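Engineer: The structure's right below; bear with me while I get my questions together.
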Amino acid sequence: MKRNILAVLIPALLAAGAANAAEIYNKDGNKLDLYGKVKAMRYLSDADSNASNNADKSYTRIGFKGQTLINDQLTGYGQWEYNFSLSNSESSSDAQSGNKTRLGFAGLKLKDYGSVDYGRNYGVIYDVEAFTDMMPEFGATGYTRTDTYMLTRGNSMLTWRNSDFFGLVDGLKIALQYQGKNEGSGTRATNVSNGDGYGASLSYKIVEGLTINGAMSSSNRLNANSASSTTSQKMAAYGSGGRAEAWATGLKYDANGVYLAGTYAETRNTNPFSGASYTFAGNSTATAVSGYANKVQNTELVAQYQFDSGLRPSLAYVQTKAKDIENGIGDADLSKFVDVAATYYFNKNMSAFVDYKVNLLSDSNKLHLNTDDIVAVGLVYQF
């Protein structure tokens with residue numbers, strides 16, 4: 001009986017991102033839930049040059065969700081979530097590294113008309129990415145990146161969401177989003193800044209277990225005060241242009257213990273290069289390449305099965321390719337890997353996992369990007 005219950009509960013936990021939250025208060029239409037998790041994790045790799053791929057990656061997250069019933073039609077709500085790194089020293093300069101607010105927003109929900117909230121939240125492009133962000137550790141590591149326009153979590157998100165299309169169409173969900181300007185400054189880097197933008201997503205449950213969705217976004221890019229090619233998004237030496245755009249579509253099947261999903265996305269002038277360099281003709285050493293990809297194509301596939309015993313094996317493929325990079329570089333993979341993983345759920349609160357990222361980038365890849373295979377091993381307690 002316990003195993004059958006696990007088979008039902010675990011997919012729900014994966015979709016919700018947390019186990020059953022602890023109810024702190026529930027009285028007179030006011031409710032407050034506390035949730036969190038501790039992830040004790042280690043990366044293992046034979047990396048010689050990138051120590052971060054062979055290191056402690058443990059962290060804890062804690063958050064709350066609250067709501068208040070204003071009247072029989074209107075409900076107020078809010079959510080906050082914070083991440084604490086567990087791999088830092090207590091007193092050195094790294095003590096606060098990795099500690100950050102992940103989510104923080106408040107809003108109103110008007111029955112069949114949907115909800116409106118504002119704050120630090122997920123961008124609508126992540127509505128699609130969530131279909132394949134299912135691996136124990138290495139999910140959402142292709143083209144999505146925090147504080148990069150509306151790809152995933154970011155600041156100044158004004159979001160309207162509606163389920164079942166005003167109560168008229170079961171399974172049809174829509175979202176409209178506006179992101180306010182977050183300009184680079186002395187403390188905020190250019191590659192995590194954005195101009196104002198808008199986006200939308202649409203999701204439809206075709207039949208029980210089968211869902212299709214799509215999303216798009218378009219944002220203004222910024223000029224830094226110095227308006228130079230190294231600090232301006234619009235004038236970047238690589239990936240210049242006035243707007244950052246993205247679209248994505250996905251399909252998933254989630255029923256009877258089987259989870260299958262695929263997503264495809266394209267971006268324009270959105271994704272910054274990270275750790276890239278290129279050996280130009282006539283040079284014997286590589287030169288750093290800094291800027292943005294003119295175009296990115298991203299493909300992700302995930303297959304998982306939930307056994308009654310609590311075991312959940314996973315197989316995934318991710319490829320992120322930059323197109324038409326300037327100065328003769330052309331097309332180049334930014335990420336390409338197969339992910340082989342397994343999670344064992346002892347119960348709804350405790351699990352263990354191993355996640356093996358098989359890096360498919362060749363040692364001779366154009367942008368000299370990291371080619372290490374990585375194994376993540378960990379224990380997770382969540383509530």
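A Cβ is built for glycine as well, from the same backbone N, Cα and C atoms used for every other residue.
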Engineer: With respect to the membrane, are Thr146 and Arg243 annotated by Swiss-Prot as being on the same side?
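Structural biologist: Membrane side for Thr146 and Arg243, as annotated in Swiss-Prot: identical.
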Engineer: Which one of 127-135, 244-252 shows up in Swiss-Prot as transmembrane segment?
Structural biologist: 244-252
Engineer: Looking at 101-109, 272-280, I want to know which stretch Swiss-Prot calls transmembrane segment.
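Structural biologist: Going through 101-109, 272-280 one by one, Swiss-Prot gives transmembrane segment for 101-109.
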Engineer: Please spell out the DSSP helix, strand and coil residue counts for the topological domain 'Periplasmic' (165-171).
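Structural biologist: Output for the topological domain 'Periplasmic' (165-171) reads 3 helix, 0 strand, 4 coil.
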Engineer: Residues of the same chain, at least six outside the transmembrane segment (113-122), with any C-beta under 8 angstroms of its C-beta?
Structural biologist: 77, 101-107, 152-163, 166
Engineer: Please spell out the DSSP helix, strand and coil residue counts for the topological domain 'Periplasmic' (22-30).
Structural biologist: 0 helix, 7 strand, 2 coil
